[in-house]
Amino acid sequence: MKNIEFYKYQGTGNDFVLVDNREGSFDGDNNELIAALCHRRFGIGADGLMLLETSDKNSFTMRYYNSDGGEATMCGNGGRCIAAFAVHRGVVPEKVYFSFDAVDGVHEAFVDGDMVSLKMIDVAGYEEKQDGLFLDTGSPHFIKFVDNPEVVDVFKEGSFWRNHDVFAPGGTNVNFVGNPDGKEVAMRTFERGVEDETWSCGTGAVASAIATYIRSGAGKCFDMKVPGGKLTVSFDVVKSGGFENVWLKGPAKYVFSGQIDAEPIL
Ligand SMILES: N[C@H](CCC[C@H](N)C(=O)O)C(=O)O
């Protein structure tokens, strides 16, 4: 592989390698290469990789891979970063709502400088599991309420639940969520496919905000305090017990770019 331009972005510390693949020169089926590019010692280093590809109906298609190289379910921070990337590449205009395709359906987005708002899929409902809540917000999320997320051993406890039989065979992402302090809720996430704590998780923030509403009945708009910054989640509650008009908002920033000329190997 030669002359593949890549762009590094981060959204509240959830970091991604992005490639404009509208011409198809990057092989999206080469999962080993993607894992190597995401590796923090052998590659560029990232929680995930995204390809911006063409779409027949909408502005572009987002293909998302976790850092283990596997093509995955939806990534909320990745969706916000690729929306910013699409503006920077001139694929879509700034300060105008546009739509793109992703693995879980069509998403609307709006980019205003570094702030990106992303509409997430409707959430059908939730399940009570293992003294916590389980929701699908585009990716599966298990929510454990704790007194203080800062003192949780996220790697140990997170990998325990991520690999627990109850969530087999797919496994789950795991979020440790504190009590709401006014509008603000602290949380930390262990991510499946990264197999570690990440500094932020967009679909996890959405799941944690909705779970906080379910548990406490407080608010339909929360500031989610994650290790890498702050995300705002808002939603409407519908009579069927589901959640609609779900929006995730926060910063998404370009960090650096470079060229892939050699294939790193793990
Ligand atoms: N970082 C992501 C989640 C990636 C999905 C993933 N780790 C999985 O469920 O396999 C986010 O911002 O929503």
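Quick reminder: no glycine exception, Cβ is built from N, Cα and C everywhere.
Note that the coordinates shown come from a computational prediction; the quantities given were computed from them, not determined experimentally.
Database features (TrEMBL):
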type	residues	note
BINDING	Asn14, Asn66, Gly76, Asn77, Asn173, Glu191, Arg192, Gly202, Thr203	substrate binding site
ACT_SITE	Cys75	active site, proton donor
ACT_SITE	Cys75	active site
ACT_SITE	Cys201	active site, proton acceptor
Sorted by sequence, non-Asn14, Asn66, Gly76, Asn77, Asn173, Glu191, Arg192, Gly202, Thr203 residues with Cβ within 8 Å of centre, substrate: Asp47, Gly48, Cys75, Gly78, Ser139, Thr189, Val194, Thr198, Cys201, Gly204
Residues satisfying Cβ distance under 8 Å from Cys75 (active site, proton donor), sequence separation of at least 6: Asn14, Gly48, Met50, Tyr64, Gly138, Ser139, Gly202, Thr203
Residue from Gly76, Asn173, Arg192 whose C-alpha is spatially nearest that of the residue listed as 'active site, proton acceptor', among the binding-site residues: Gly76
Tertiary neighbours of Arg192 (substrate binding site) (same chain, Cβ under 8 Å, six or more apart): Asn66, Ser139, Pro140, Arg162, Gly171, Thr172, Asn173
